[in-house]
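Let me begin by handing over the structure; questions about it come next.
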C-alpha cells in the first residue's frame, strides 16, 4: 500500500506503531470488574451512566439555576503564607473592575496590564468569569433573598462573606499540579497508611492501600483519591498542547494521562486511582437517590424568578433523581459508622473534621480557576456526605438543602 501511494514505508510503519500504541494505551488504562468495598462492577456503572444518567445530567447543567455559584476566591490560606498569585500565565489573575476578574496572559507576576479593555478581552482558561449582566445580577439578589438557612454538614462561610461573588460555571480550568496542596491533603488529612511511601512522581502525593484500616477511613481515602483522579483526567483531557504566541491549541494529552494512570508507569497504582473515581461516583449517586424526598416536597423550588422555568427545572431534576434511585446496585452506606455507638460517633467526627480541613486547604490553591472548582467539588462531596450520614435524631428539623449545596452537588457529580 505504501508503494502504491508513494509513501515512505518507514514513515507508514511509524504511523502504524503510533496507532497501535494509542490503542494499547487505552487498553492498559481501562479498568473492569468488581469494585472493592461494594458489590457493583465497573461495566454496570459505565452502562448506567452513559445511557441513563449522563444525558439527563448534561441537560440539567445547562439551566441557569445550576450555572451560577457564589464563592469567595480571596480568602487567605490558613495554613501557610501564600502570595495568591500563580507563577504561570495560564492562571495569573488580575481584577479588571469591581465586577470582573480576568487573566492577563502576558505576565507572570501580579504586575498585570492595567488596561481594563485589554483585560476584558482575555479568554484564557485560567480566568474566572464573574462578569454578569445587570439583569443577571439583580435576579441573583432575588434568588438569595428566597433561600432559607438550613442544616449544614460543613461550614459554608463563602455565601455571605465579604468578597463573595457569583461566577458563571460555563468555563473550564487548567493549572499545574499543586504538589504542596495534595501533599497536605494526603499526608495530614486522608488517613493514609503509615507504611505507604510518597512516590517520586508529583502527579500523585499518595499511594492507595488499606493496610488494615477500618472501612470508614479506607472509604474516605478512596473518595479523596477519586476526586484527585477526576481533576487529573480533566487536566489531561483539555491540555495546553501548543502555547505559541500565534496559536494556542488545547486537546487530549495521552502521554499526560498515561503518566498518571497507566499501570506500568505508576507501579500498578493508576488503575486503583481510576477505580476510586468509580467509588466516588457510586457514593454521590447514592446521595442523589436519597435526596429525592427532600426535592420532591411541593414547597421546594429551584427559584430563578421565572415560574415556568423553575417548574421545568424541578421536573428535570426529579427525573434525574428518580433515575439515580433506580440503580440496582447502590452502595450501602449503613455499613459505615455502625457498631458501638460511641466509637462510631468518634469516627464520624474524625472524618468530618478531616474533610472540613481539606475544604479549608482549597483556599491555598493559587490558580483561581483551580480554586473555584476545588471549592465547588469539595462542597459537592460534603453535601453528599451530609445527605448520607446526617443522623435524623441529631437534627432539630427535617434535613434540607440550600441553593449552594444543591448547585455544588449537581456540578460536582457532573465532573465525575
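Cβ coordinates are placed from backbone N, Cα and C, and glycine is handled just like the others.
These came from TrEMBL, pasted as-is:
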ACT_SITE  367  active site, nucleophile
ACT_SITE  370  active site
BINDING   171, 182, 225, 228, 260  FAD binding site
DISULFID  86-91  disulfide bond
DISULFID  367-370  disulfide bond
SIGNAL    1-25  signal peptide
Determine, to the nearest whole angstrom, how far the Cα atom of residue 367 (active site, nucleophile) is from the Cα atom of residue 182 (FAD binding site).
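Just about 14 Å between their Cα atoms.
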Measuring Cα to Cα, how far is residue 260 (FAD binding site) from residue 370 (active site) in Å?
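Cα-Cα, rounded: 18 Å.
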Rounded to a whole angstrom, what is the C-alpha distance between residue 370 (active site) and residue 225 (FAD binding site)?
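Cα-Cα distance, residue 370 (active site) to residue 225 (FAD binding site): 17 Å.
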